[in-house]
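Before any comments, here is the structure.
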Amino acid sequence: MSEGTLYDKVWEEHTVSELPTGQTQLFCGLHLIHEVTSPQAFGMLQERDLEVAYPNRTHATVDHIVPTSDQSRPFRDDAAEEMMAELEQNVREAGINFSDPTSGEQGIVHVIGPEKGLTQPGMTIVCGDSHTSTHGAFGALAFGIGTSQIRDVLATQTVAMEKKKVRKIEVTGELGPGVEAKDVILEIIRRLGTEGGVGYVYEYAGEAIEDLDMEGRMSICNMSIEGGARAGYVNPDETTYEWLKETEYFQENPERFDELKPYWESIRSDEDAEYDDVVTIDGSELEPVVTWGTTPGQGVGITQPIPAPEDLPEEKQETARMAQEHMGVTPGETMEGYEIDVAFLGSCTNARLPDLRRAAGVVKGRQVADSVRAMVVPGSQRVKAAAEAEGLDEVFKEAGFEWREAGCSMCLGMNEDQLEGDEASASSSNRNFIGRQGSKDGRTVLMNPRMVAAAAVTGEVTDVRELKEVTTV
């Protein structure tokens, strides 16, 4: 195996050929599909009388359009029911494993892949979804792909891609109380910009990253795309291996763990690996970060003032003015006290069990503010069941939260869970674009799960560090 970064090693390991276009044809170890981006690709196969080449390397779920209040069939939304039925037919005819709502394993695609043990270090993973970068937390190269590429992978298990540069982002020190992985990635995007990663893959490293659990690493890799990067990853280590041991695949195939671990160790970036760029951030100086605008890069520390547009680079001034007008915020003020109408705990960024535990620690013994509708949407049916086994559902329900079924929910306006009018939401999701949560007048403030919980019970953006937290639920 070649020397260098994990990206170099895994790329070379999966190279089938170098194409005349300058792209590389890569073998894909795992192809994840869902109901939104796969139908057209299956249609293209049928037009050409082609079959799925490796159904055993393909796994399907339904997440974007599935309702979270009532998943009984047929769905109330005719379009959602049609997409679900088409996916069911496609996977049945192709012999593809499908985690459907009756399986007990359904959930957001980037939650179920890791929890089932399908996601493994040194893999190449693709999915017709921009947040496929989530799987990079395990030391995989994971890329979101378009419909024509989905077709190619279904037919050949390969994809044509251009190799990118690698930027190492070192987050040093120890994160302080109330500061989570979500704050780290929001700060990275704030500093480097939403286009700062264009042409790059991000390697996350440093003590603060190494100290994170796997769920925290997934949150960071998940939002690499919001920073403009093609993908993001963390080198696998003992934290990775211990987490993998508990997954379905390795519980059923324990011998494979010992067989694969030498490969996992070999693909770690070498200590003397050369990077195209290195950025260092002192994690000990970070505080909870929230967004004030309409892109994930328009963020600010909870105690810091919202920037004046004229103080920003010229190319960012007009978008900042428009964002501040839409959000109704004032330069020079902080986001503390910004009133919210909705609190949303969910999405492929922050809907895993540790996220829910931390939020429950804030919620326990408190009540959702009268002016707020609050919901918890677990990332998968397994997360939901595990949370219920710990009594987390009762903590949330007693506080006034709605406890929903698994799905993408209010992360995007593609299902029944949406903002209404100019409602403002405190959201643990990954995007705050205008209209993202269903209403063109809606306002989304991104933050970590604890901060969402704090906003839910106070009715406004609140520094969670000021609330006494119940750490044992």
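Backbone N, Cα and C atoms are what each Cβ position is placed from, and that goes for glycine too.
Note that the structure is a prediction, hence the values are computed from the model and not measured.
Annotated features in Swiss-Prot:
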BINDING   CYS348, CYS408, CYS411  [4Fe-4S] cluster binding site
REGION    421-440  region 'Disordered'
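Among the binding-site residues CYS348, CYS408, CYS411, the residue whose Cβ has the fewest other Cβ atoms within 10 Å is CYS348. DSSP assigns CYS411 ([4Fe-4S] cluster binding site) to a helical segment in the three-state reduction. Cβ atoms within 8 Å of the centroid of the Cβ atoms of CYS348, CYS408, CYS411 (the [4Fe-4S] cluster site) belong to the same-chain residues ASP63, HIS64, ILE108, HIS131, GLY346, SER347, THR349, ALA351, GLY379, GLY407, SER409, LEU412, SER429, ASN430, site residues excluded.
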